[in-house]
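Trainee: Supplied in structure tokens, the structure appears directly below.
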Amino acid sequence: MPFLPGKMPKPAVCRRPATSFHADLAGGSRYLYWKHNATPSPHPRRPRVFRVQGDTAMDWQGLRFLGESPVDGYVLQNCTYSPSLVALAFLVACLAGYTALDMVERVGNSLSHPRLWQWIGAFCLGSGIWATHFVAMLAFHAPIALRYDLPITGLSLLIAVAASYLTMYMTARPRFGLLPCLLAACCIGLGIAAMHYTGMAAMRSVATQYYQPSLFALSVLIAIGAAFTALAAVPYLRGRRSARYRYMKLIASLLLAGAIAAMHFTGMAALVLSVPAGTPLELQASADSLRLGWLTGVLASAIAACGIWAAWSEKQRERRLSENSRVNALLNQLDHAHASLRQMARYDSLTGLQNRTAFNEVFVQHLENCRLRGKGLAVMFLDLDHFKRINDSLGHDSGDQLLKIVSERIRSVLRDSDVVARFAGDEFCVLADLTQDHEAHILSQRLMQKMKEPIALDGRTLVMTASVGVSLYPNDGEQCEELLKNAGLALHQSKACGRNNAQFFSRQLLVRATQELQMEEELRQALRDDQLELHYQPILALADGEVHQLEALVRWRHPTQGLLGPDRFIGLAEANGMIDQLDDWVLRRACRDLRSLHLAGHERLRVAVNCCASNLGRASLVDEVRHALEQAGLAACFLELEVTEDALMYNIDQTIPLLERLRELGVSLSIDDFGTGYSSLAYLRRLPLDALKVDRSFIMDIPASQRDMEIAQAIIAMAQKLHLKVVAEGVETPQQLAFLRENHCELVQGYLFSRPLPLAALEEFLRAYRFDAAPPLRSLNQA
């Protein structure tokens, strides 16, 4: 068979019967051949193969695809194959298909060099297709000598690699749908066919090759169809690690190998070899072909194995990179979280100012710098006046907005070297370097003046004031803690002086603070050790002169300072959260003492107990009163609770329901120190009250003060119009008593009748009073 273009040799003509079969059994050959003579037949049968002679034949490299049956020659049939090489060829195809799918997966998932993996996959698949063809051709045994043209064989390899690359390129698309899959299947299917028939063109022998058109077309369709089925699994191989992943990949590789093998052997089934007449036919030695086939198969398998190993190594590398990236991402997140936590730990999230933690660190550095340079330093506490009222009335969002505005204003006043921090709520702290002490006074005034500028907030215009406390280094301390403490004492003094002012630390403040701290500790100890006691001041009725009621007044018998009045420790108890415990003790002790007086024969006596503002904010007050009465065995009608105007007005909407519950319990209610606080007559008529107590400040200057007399008269008249009893406090002279009697005041108390007395002295007073008939009242009645 000629391989290069040119004129084909004319087959020899044999003079034999029209048609006959011959078996050449020389050397044990089982090859059959079919002879045609040159005598034309009047009824020619339909040709089974392609015609050799004539210009109508399609001739390329000695291959005939179209034409009539060959004449005057032999057609070789029933050529055999080496089973081991056929199996090896299929194994090579499987490895090539598996490697190609592995590369497809790499191209889709690779983090780097996807084009390189396309070329590696194309070479592995193309060389595998070519090796499958070549090993299968070496497995082909024909009774003629066969050899292969090297350039054309190399061309078939290039065709296989090129088709494989185009297929790899198509499958690398992110969206590999039905149409791209069909195009890729056509590409690889046609590439396999082109490689096969180009490789067949490289085969050289005395025979002429003919192809049956139907089988030829079927081989191409089989290659495309099987490739399409295999490539349809590509989308499922990307990013999938399910239980069926490996099975799907194996099945797809078998389908791709089947496409290669099916195309090859279908193409071989379409092949018909025709030899010239008289050509000797003998079985060729197959040992060399077998060795060459195995060598080729092993090399191709090694190439595929290297591709699989490379893909596996890349997977491991990318897995390590992915793990490292994940770890690095976690570390970055941790760093970011650490930075965020550090930011949150050092800076106020609302205003962006430093918080106490960061301020303390900066304070140490500032103080050390001032110490080295010999300069002064001012520590200022700034607290907004009545900020809680803003939160309660406008809401916390408005309060937060106000704090942002205030922080910006403080920044605008300070220098770049100064430091400002937000400690808590509406409290700010400033560090300012000083050359002279009077600069601190100037700065504090500038801060206070800046705070007074109008603020537009939620459609309102607000004017805020601030209290400032200042301590100076080195005059007021040389340590951070000491300077902060002293500035806090100065701020406390500023609030005590009416707010909206600046106070500088002095040693007297420290002495007072030390005393208050000691008093606080001793008061707690007094509550635990029962060092408190109640004194009772009688309240008399002007109508009959009888003692109708007692006011319970707490006293503290201090171990070193003696008997202390409530003005010495009530404020301390309120400031340190002990007032609730103190009021509860007074209530229980007063109920118990009154019960003992009832048992002593004073059954009509009632007792009045003071109730602080914080107690009116507790819903448990009613239960505490009920428990104290039950524990003492006392009826509720004998108890009266006294509250101040300020306590009532502090939270009037919550106070009114609480007072109504106390009235339902049977407890009487009165307003203590009436006229000294702020109240509204509209609220006064809504309150469930029984009595008003005129403060002693309106009684003490009667009759010298005409204004006080008019105020007292107005209060008494108003109470009578509201059907409330009136109790006048601080009655100390007969003139005051006469004035109250003339204005129809019902009840009086004061030093004119008795000082507050302990229980034992009170019992003596009641016994003596019963028989003495109250000299002041008796003389007044006689007059």
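Keep in mind that glycine also has a Cβ here, set from the backbone N, Cα and C atoms.
The shown structure was predicted, so the numbers you read here are calculated from the model rather than taken from an experiment.
Among the features that Swiss-Prot reports, transmembrane segment is placed at 84-104, 120-140, 150-170, 176-196, 215-235, 255-275, 292-312. Among the features that Swiss-Prot reports, domain 'EAL' is placed at 516-770. As annotated by Swiss-Prot, Mg(2+) 1 binding site applies to E551, N610, E642, D672. The Mg(2+) 2 binding site annotation in Swiss-Prot covers D672, D673, E729, and the record cites similarity to another entry as its basis.
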Trainee: Through the lens of DSSP with three states only, how would you label E729 (Mg(2+) 2 binding site)?
Mentor: coil
Trainee: Measure the Cβ-based neighbour count of E729 (Mg(2+) 2 binding site), defined as the other Cβ atoms within 10 Å of its Cβ.
Mentor: 22
Trainee: Applying a 10 Å Cβ distance cut-off over all chains shown, what neighbour count does D672 (Mg(2+) 1 binding site) have?
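Mentor: Its Cβ shell of radius 10 Å holds 22 other Cβ atoms.
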Trainee: Kindly state the mean pLDDT of the domain 'EAL' (516-770) in the predicted structure.
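Mentor: It averages 87.
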Trainee: Quick one: find which recorded stretch in 84-104, 176-196, 215-235, 255-275 has the most Cβ pairs under 8 Å with the transmembrane segment (120-140).
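Mentor: Stretch with maximum Cβ contacts: 84-104.
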Trainee: Any chance you could find the range in 84-104, 176-196, 215-235 with the most Cβ pairs under 8 Å to the transmembrane segment (255-275)?
Mentor: 215-235
Trainee: Between D672 (Mg(2+) 1 binding site) and E729 (Mg(2+) 2 binding site), how many Å separate their Cα atoms?
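Mentor: Cα-Cα, rounded: 9 Å.
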Trainee: Test of understanding: give the count of other CB atoms lying within 10 angstroms of the CB of D673 (Mg(2+) 2 binding site).
Mentor: 20
Trainee: Would you mind listing the long-range same-chain contacts of the transmembrane segment (215-235), meaning Cβ under 8 Å and 6+ residues beyond its ends?
Mentor: 65, 97, 101, 104, 108, 167, 171, 176, 181-182, 184-186, 188-190, 192-193, 196, 248-249, 251-253, 255-256, 258-260, 262-264, 266-267, 269-270
Trainee: At a 10 Å cut-off from the C-beta of E551 (Mg(2+) 1 binding site), count the other C-beta atoms across all protein chains.
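Mentor: Other Cβ atoms within 10 Å of E551 (Mg(2+) 1 binding site): 22.
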Trainee: I need the CA-to-CA distance for N610 (Mg(2+) 1 binding site) versus E729 (Mg(2+) 2 binding site), whole Å please.
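Mentor: Spelling it out, the Cα of N610 (Mg(2+) 1 binding site) and the Cα of E729 (Mg(2+) 2 binding site) are 14 Å apart.
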Trainee: Look up E551 (Mg(2+) 1 binding site) in the DSSP assignment and reduce it to helix, strand or coil.
Mentor: strand
Trainee: With an 8 Å cut-off on Cβ distance to the E551, N610, E642, D672 Cβ center, who else from the chain surrounds the Mg(2+) 1 site?
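Mentor: Apart from E551, N610, E642, D672, the close residues are A552, A608, V609, C611, L641, V643, S670, K693.
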